[in-house]
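Sequence annotations record features per position, and here TrEMBL assigns domain 'CBS' to A:140-203, A:204-260. Per TrEMBL, the feature transmembrane segment maps to A:286-303, A:315-339, A:359-377, A:384-408, A:420-442.
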2 protein chains.
Amino acid sequence: MEFKITKDLILELEQHIVNKNDKELEALLNDMHHADIAEVLDKLDFEEATYIFKVLDSEKTAEILLELEDDLRENILSRLSAKEIAEELDELDTNDAADIIAELSQDLKAEVISELQDVEHAKDIVDLLRYDEDTAGGLMGKELVKVNENWNVLTCVKEMRIQAENVSRVHSIYVVDDENRLKGRLSLKDLLTTSTKTHISDVYIRKLNWVKVDDKDVEVARIMQKYDLEAIPVVDELGRLVGRITIDDIVDVIKEEAEKDYQLAAGITQDVETDDSILELTKARLPWLLIGMVIEVIASFVLKDNENAFRRYSTLIIFVPLLSATAGNIGVQASAIVVQGLANGSLKEFSRVYFSKEIAVAMISGSIISLLLLGYHSIMYQQYLVGLAISISMVVVILFAATLGTLVPLFLHKNKIDPAIATGPFITTANDIFGIILYFAVAKMILGF
Amino acid sequence: MEFKITKDLILELEQHIVNKNDKELEALLNDMHHADIAEVLDKLDFEEATYIFKVLDSEKTAEILLELEDDLRENILSRLSAKEIAEELDELDTNDAADIIAELSQDLKAEVISELQDVEHAKDIVDLLRYDEDTAGGLMGKELVKVNENWNVLTCVKEMRIQAENVSRVHSIYVVDDENRLKGRLSLKDLLTTSTKTHISDVYIRKLNWVKVDDKDVEVARIMQKYDLEAIPVVDELGRLVGRITIDDIVDVIKEEAEKDYQLAAGITQDVETDDSILELTKARLPWLLIGMVIEVIASFVLKDNENAFRRYSTLIIFVPLLSATAGNIGVQASAIVVQGLANGSLKEFSRVYFSKEIAVAMISGSIISLLLLGYHSIMYQQYLVGLAISISMVVVILFAATLGTLVPLFLHKNKIDPAIATGPFITTANDIFGIILYFAVAKMILGF
């Protein structure tokens, strides 16, 4: 079961817009999920999308706003007054509202906040704006259900009915003391199966996971995954309950992190997608191409320098592409495993055990490749000493590439730089240069040119 | 707040194991989360881990089993009798139990199933074993709360108290008809805020998302993310409710998919981690290295063939590494964007709009790189015609690499092959070869050697 945009639907909508059939538009769209409407709006042109946006009521459009592509959202917001934006935000959960406000200009921000109708909601939103977006504080929402440890189950259920009105999904019921310090939780199951007279302090679960407001988003993601949590409470420096993070926001963190690593590995510096403009796509890609170019110009010096050698031993030069491709591949493999190990916590810093293992893998792979190459070269060209020189150089280069591929991401990680950078064109081109230098150096030692 | 393994803890455990202080071991571990205990067991040697496993009771060990690294789990299971394994499985949710049974040998499987104590549970597990692991059926669990559309809220709450006993987390209350066909859902919030006399058919929400048992896991993940769902019901061919999938299992699907794509892009064919053996690491990596080697041997022929050309125009050969690195980088960038587009649904098949955009990006990047190269070559070597030949070849090669990088993943996707393969060493080495061939062909046309 899934919604599919059809050409007919788009045509029908466009017809209704031309004829200003607002009633029909509402009837057609009110039944659709906001995520689907967002998908439809992304397919329409900007004028049409804005028209539809203004026809629907703010309960619906607020949710749609969250699902739109960034540029369309920015465009639509720029057409709304501060009051209209505030109306949208009044409908949203605090964390979603804060995310949208954070995108606005400084002036507009203040104006929109002053137009918010629900004062409690506004306070919560302003509070959330204080936190960095990549911390627990930046991810959390204020909507939660909490009960006092001194209540009984009946009071608790009554209070919860009131609190639940403002909470779209009840994940856990948090238990706090009189100072709002987090003490534990009540499970929904407990609520369904415990007698109403029971005292909360007798039934609540004292062990629970929580994070601090300034914990990093990726850390929160790791903890929630490890303990299979669907929501986690957030406490401030004094242990007071200030918010909660839900798994849907964590899914976004996980996806973004994975996409970022993947794009870095592919030599793309910004988060681009197939529907970005030519300029954006070029800007995200050209830097690595130019860095690669500068590095490879060095390679041209090394080759130029060794011109006499390969004029004398012509097979030396024809295996340069094989050598640099293999060095690049080994380097990327080595660094990818380290980057993933760092990401999932199985590797935390330089480990002698792991490094020795990597060197052993490189040694085995290198020996197999070198022996095959030696055999091939001997059969094809019958220059045994040259073949030997090429093969030995190959092993040296492979060992070096594996070392570099393992150590560079660890070094970056230690210096608080994203190690995923090391899996991209950087490691490939660096290995190219060092590989070519080592190759000719070793060959020179053996052949004595 | 997070658990950290300390050396002291490990030493203390090892001491207790040596002295067979089972009571102290239990006291020490019973308070810990099963995911943390699993982390500790992975750090101990196999004998010690098994000892602890046998000390703890099955309620705890069953959950630990799920969190262990594959090889340790396999090892421990091999030490347990069918009856002991069945005791563990009796404690687990149906989908987790089914996953563990699926790993057992055919004979042991039947024996373990026959030892399961809870007949209903056993039936559910056997039912789940029928589905492929990468489908909705393979992901779903049988634990859910469902009510009949003909009940009222009071009956419903009573029934739910009974059903909730077997369900660790109540996500949604599904509404079915007398034939068990899925009709809609009741939210937990509705339950908390509706009068007990209300008839279910008057309050339940008829619009809801569901998936079919044979839908692919990545599809389920996409739908649950799009609609921000924490659980989704699964129906059979007749629309009958047969299970539900929860977001924690989907988080695993998303992570695995991202890790797989990342590893494929890095030229690693199997899911390996830093703590795998040297043999496993080599087996996952050597194939791509050998494929790369074979392809690059072709490059050596092309170079050999053009030996006279670069003996005459020596700068031709020294820019080969630059040329192949750039072609490789452009190709990987192009294919990575397509692969991500296919993964997140923003690209579904060949699109003329996107392809033109990619060619434009390649044209811009190619022109910038070629002009820089032309300037550099002219200044350094004063051989203007050779410089021009190299620059023009470069543009041709870049355009070709971008085309290949865009079309290959689309072609693979169309033929139901994972397009992520195309971002790895394959596209880099393929671009090497074609790049070198094109480079000399274009240079030949211009310089006429």
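Using N, Cα and C of the backbone, Cβ positions are placed for all residues, glycine too.
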Maximum Cβ pairs under 8 Å to the transmembrane segment (A:359-377) - stretch from the list A:286-303, A:384-408, A:420-442: A:384-408
DSSP-assigned states of the domain 'CBS' (A:140-203) in counts, ordered helix, strand, coil: 22 helix, 17 strand, 25 coil
Distal contacts, the transmembrane segment (A:384-408) - CB-CB under 8 A, six or more residues away: 313, 315-316, 319, 323, 326-328, 330-335, 338, 350, 354-355, 358-359, 361-363, 365-367, 369-371, 373-374, 377-378, 419, 422, 427, 430-431, 434-435, 438-440, 442-443, 446-447
Tally of residues which DSSP labels helix, strand or coil - the domain 'CBS' (A:204-260): 24 helix, 16 strand, 17 coil
